[in-house]
Structures are given as structure tokens and as C-alpha cells.
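Visitor: Just passing along the structure, written as C-alpha cells.
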Amino acid sequence: MTEEKTPKQIVELLDKYIIGQNEAKKSVAVALYNRYRRLQLPKQMQQDITPKNMLMAGPTGVGKTEIARRLAKIVDAPFVKVEATKFTEVGYVGRDVESMVRDLVEEAVRMEEKEQFDRVKLQATKKANNRLVKLIVPGIKRENRENSMQQMMQMLSGNFNMNQAQDNEEVTDDIRNERLSVADQLNKGLLENREVTIEVEQAPKVNPMGDMMGQMGIDMSSLMGDLMPKKTVKRTLKVSDAREVLIQEESKKLINYDSLYQRAIERTQQNGIIFIDEIDKITAGNKKTSGEVSREGVQRDILPIVEGSTVSTKYGPVSTDHILFIAAGAFAESKPSDLIPELQGRFPIRVELNALTQEDFVKILKDPQNSLLKQYIALLKADGIKLVFTQEAIDRIAQIAFEVNQGTDNIGARRLATILEKLLEDVLYEGPDMNMGEITITQKYVDQKLSDIIINKDLTKFIL
């Protein structure tokens, strides 16, 4: 997390993507900045300051998930979204609540790995190009009994690398000169479409037993990988594609994964964000039959994770003491007070998000960075078509979205995507074959395409 991003700056960045909901934006910005404040305190006091977890209540499609997702991107924090209804009480078949922490660690590992790949890419590319040169211009193989026995022992121990075979070769002056020539051509990009055959490590098969062990924090693939020799397969690829594969291989050799995993765990513990959606669906306010899994039991399983506990993962133990939890739900048939009291107390910040108005829809269509209209304009630009929306057309689209939400299920801003897809289906279908340089979407066109559907309520429910 960076010093520069104050709560006000975080809100300004969120404003680029999310319309309205200022109270929610302020709350998440303050909760996030409090992490930075905590890290400035003495170590002893840091342990006593817990994150101010948040409970968002509001109808679907008003920006609950988007606020949390954008927040994580802004501060480059590990982020996972889970649905409370997917978890089952301990003792039942299904996902256990600790899996959300394991998913978060996996995301942190992926982020750390990407950063390390970027750091070593130059060095890995150089090594990959050297390997390509040797593949294009192979040396003269020299086999002897001692080397064969040594390779067999390495294969049995799982340490044999097929690329080691290149070391057991004789390089004459002619081969050396040809390799210099090929290296020069590679650097100039003259051999990108030439095909080469490379040996790559075979992806391990998915093992259901291994997945179960992973849920218990045991990495079976790593344990078995140390005992069994690594299998390789031959693939014929273009030089440009082969280089990418080899860069990945060489990058992994240059990275200290033990150190990477430790950083990923620390990143998870200090910066991780877990978004628990549909938490209202596991409250006592939702009717349940005697045959259903106890939803209150799921709440009690979630409680120690949110409260602060240690979860075993295949990368090591992870403390959840300072992970930020954001829970969200529509609470249409229940209320936050229907949660068990202990869990309520772990979400001290309560934010209510407002239903979107017609004016909000107009802003959502136009204002955000990469808004829906900007996305469709960019898509059709690929066909050489300039797509233009008049202000009257935008107002009419917003009005239709608002009215359909009022008359049927209110799905918030998601209604706009459905309406635009129906409105532009002919243009998107015929676009590649049209020679028109510009298409203007007017209010009249919007009414022509959508009026019949809006009048017929049954069609509205089915299509929009």
C-alpha cells in the first residue's frame, strides 16, 4: 500500500468507475487508509488494532462488489469474492469457510509471481534466446555409458532436466559460427515464424484426492513431484511462441519460491481483502426447512475467520487478524440484525447503498472510465464504424432501464447491459459487412427497437 493514496484520493479514483454511493466510498477509503496508519505505530500497538470490517446493505446492481473490487486494484491488494451461500457447515459435504483464505493466498502468490516474472524477464529472455539458438543449431551429441547411467539416476530422483542433454554435445567451429549467425537473426526478429521442437514439462493431471488435500492445507502435487520424475512432452511451435514458453521456464529457475511464498503470506495478512457476498441469505430471517443445512452454523464457522485465527495453507500458516472483510447483501427479506450477535459485532461499519435513479443511469452510461457506451464504441471501431449516441438516446435508454427495473426485478445497473445488447444486436451482427462510416443512435431508433418489448410485460421479463 502506498503513502500517497489518502482517503480523499482513494475516493477520487473510485469516482472514475462508480457513480454515486459516496458514503460507501468514504467508508472503504477510511478503512483501507487505517491499515497504513496502523503500520506507522509501534509493533506492540499494531497487534491490538484490528481492521474495521464493513457490512454493505443495498439492492443488487448498485455497486457493492465493484467498490470492493476497484478498491483492491487501486492499492494492489490481494482480493477474492466469495458467496456465503456456497459454504456449508462443518461436517457437511461442500466448501469449508477456510477455503476463502486459501483462495486469497493463491491470489497473493499469483500477484507476487507476476511481479517477480517482470523483474527477471530481461535475464530470462536472454537465457531463452540462448536455448532457442541451440535448438535451431544443435551440437553433435556424444553419448557414453557414464553419462547414460548418471542421467538414469537423475531421472529416478526426479532431478533430471531434459535440457541437460544439450550440455553433452560437441560444438565445432562451424556450429559455433552458425549459432552466432542465428543469434543475430533472432535478435533482429527474422526467425519468428520458423518452427522449433521443444520439450516442456507436462501439466499434472487433476487429482480429486489432491484437491481434498489442498483444502486441508496439504500440497500433494508438491509432495509427489519431489518423489516422481518430471514428465516432459515434445511440442512444435513457432519461435515467437516457443520463446514465451522458455521464458516462463527460465523465469521460474531465477525466482526463489520459498521467499516468494513468504512475501505472499505477508501480503495476504497485511493487505488482503475478502468480499463475502449474499451474507443476507444465511441469516435467520430467511425461511429454511428442517432438511436444509443450518445457515446459522455457516455464520458460526465464518466467525473465527473474521474474528482472527490461523488457517493452514499449502504455503504455510496464515493469520486472518488483519485481513479486511467486507460483507454485502440485499437484505430484502431480512435485516443485518438477523445475523448472529457475535458476527454483527465483527462488522462495526454499516453502510446502506441507495437504489439507482434515472439520473444515475445516465451518468453510468457516459461518465465512468470505460463505461458501457465507450465499450460498444470501441468494439465497433474495430470494424471501422464510428458509433455515436445522441443525448436524447442516452436519456431514453436510462429511462427504459429505470422503468423496467421498477416494473420487474430491480437488478440495478446490470439492466443497462441487457438493454444495450438488445438495442445494438443488429449493428453488432451486421457491422463487419457494413460500409457505413458512422452510425448515430437516436431516440427514435431506441423507441423502434425497444418499444414493443416494453409494452409487452411478458416480453420485458423474458428479454430485458
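The chain as shown is numbered from 1 upward.
Cβ coordinates come from backbone N, Cα and C, glycine included.
What Swiss-Prot shows for this protein is this:
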BINDING   Ile19, Gly61, Val62, Gly63, Lys64, Thr65, Glu66, Asp277, Glu342, Arg414  ATP binding site
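Could you tell me the structural context for the features on the list?
Guide: With a cut-off of 8 Å between CB atoms and residues at least 6 apart in sequence, the same chain places Arg300, Leu303 near Glu342 (ATP binding site), listed in sequence order.
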Visitor: Let me make sure I understand the structure: which of the binding-site residues listed (Ile19, Val62) has the fewest other Cβ atoms within 10 A of its Cβ?
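Guide: Checked Ile19, Val62; of these binding-site residues, fewest Cβ neighbours within 10 Å: Ile19.
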Visitor: Least buried of the binding-site residues Lys64, Glu66, going by other Cβ atoms within 10 Å?
Guide: Glu66
